[in-house]
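The structure under discussion appears below in the form of structure tokens.
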Amino acid sequence: MLQTEMKVIQQTEIADKVYELILTGERVADMSPGQFLMLKPSRSDLLMRRPISICSYDKTAKTCILLYRIEGDGTRDFSKLSEGDTIDVLGPLGKGFDIDQTPAPKTALLIGGGIGVPPMYQLGKELAGKGVQVTFVNGFQSAKDSFYEKEMNAYGTVHIATVDGSLGTQGFVTDITNNFPEEPDVIYSCGPKAMLQAVKASFPETKTYLSLEERMACGIGACYACVCPKADDAKKQFKVCEDGPVFRADEVSL
């Protein structure tokens, strides 16, 4: 059973309503880039778990970092956790990013939007460790919403786009990527559906992997709450939590 208790090491608000939650537990040993955890709120009236992507992990220290934004009662409940508290966790879950491709890529473009930025961090770290030249492009609404630029700079070049122009390039992530002189060997992206659609349309010939953000209820493929149409047959569907959340761009219809 993937259900376990994890202990809170530290929690900090790092951007507007965005929290960095550091946990420790035995399940860290099983984590890979692009997976997620289903966290159970402590309030008895909040029955459903909430999916939170894994930002990073240290298997030696048995710690992992989750970044999440307060969106409702569940995530607001998580924001009250402090050092020494425990939380009921299901996971790690899902199929993450393919980082052992053949032939190995020389360059990788990692595109994250909003709360889709966190899983790009561990992915970029591991790709850089394999000798891949990593470029991060992160999109936010405003400077107050941005995070992890310094941390990502340790593993690659970081570009920032904000809708209001308060940090980096004004506009969207594609306003940056469309001006790159060369296409990368591989693209990985996570963020809102509109952003993923734009990324897919901008790089039709490049091997691209998309991590889908969908509302989930069970996290294990039992409830069919997070389905996505297949590209080759719209009548058939993937279960994002079980078959994904990461898919090749040509597999899914967005």
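Placed from the backbone N, Cα and C atoms, the Cβ positions cover glycine too.
Going by Swiss-Prot, these are the annotated features:
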- ARG50, PRO51, ILE52, SER53, LEU67, TYR68, ARG69, GLY74, THR75: FAD binding site (BINDING)
- CYS218, CYS223, CYS226, CYS241: [2Fe-2S] cluster binding site (BINDING)
- 1-99: domain 'FAD-binding FR-type' (DOMAIN)
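CYS241 ([2Fe-2S] cluster binding site) falls within a helical segment according to DSSP. According to its DSSP assignment, THR75 (FAD binding site) is helical.
Between the alpha carbons (Cα) of ILE52 (FAD binding site) and CYS241 ([2Fe-2S] cluster binding site) lies a span of roughly 12 Å.
For ARG69 (FAD binding site), the same-chain residues 6+ apart in sequence whose C-beta sits under 8 angstroms from its C-beta are LYS17, VAL18, TYR19, THR75, GLY114, ILE115. The FAD site in the record is lined by ARG50, PRO51, ILE52, SER53, LEU67, TYR68, ARG69, GLY74, THR75, and its two most distant CA atoms lie 15 Å apart. As a summary of secondary structure, the domain 'FAD-binding FR-type' (1-99) carries 11 helix, 50 strand, 38 coil according to DSSP. Same-chain residues with CB within 8 A of the center of the ARG50, PRO51, ILE52, SER53, LEU67, TYR68, ARG69, GLY74, THR75 CB atoms, the FAD site residues themselves not counted, are LEU39, LEU66, GLU71, PHE78, ILE115.
On a Cα basis, LEU67 (FAD binding site) lies 18 Å away from CYS241 ([2Fe-2S] cluster binding site).
It is CYS241 that, of the binding-site residues ILE52, CYS241, has its Cβ surrounded by the most other Cβ atoms within 10 Å.
For the pair ARG50 (FAD binding site) and CYS226 ([2Fe-2S] cluster binding site), the C-alpha distance works out to 13 angstrom. On a Cα basis, LEU67 (FAD binding site) lies 21 Å away from CYS226 ([2Fe-2S] cluster binding site). Neighbour count (other Cβ atoms within 10 Å of the Cβ, all protein chains): 22 for LEU67 (FAD binding site).
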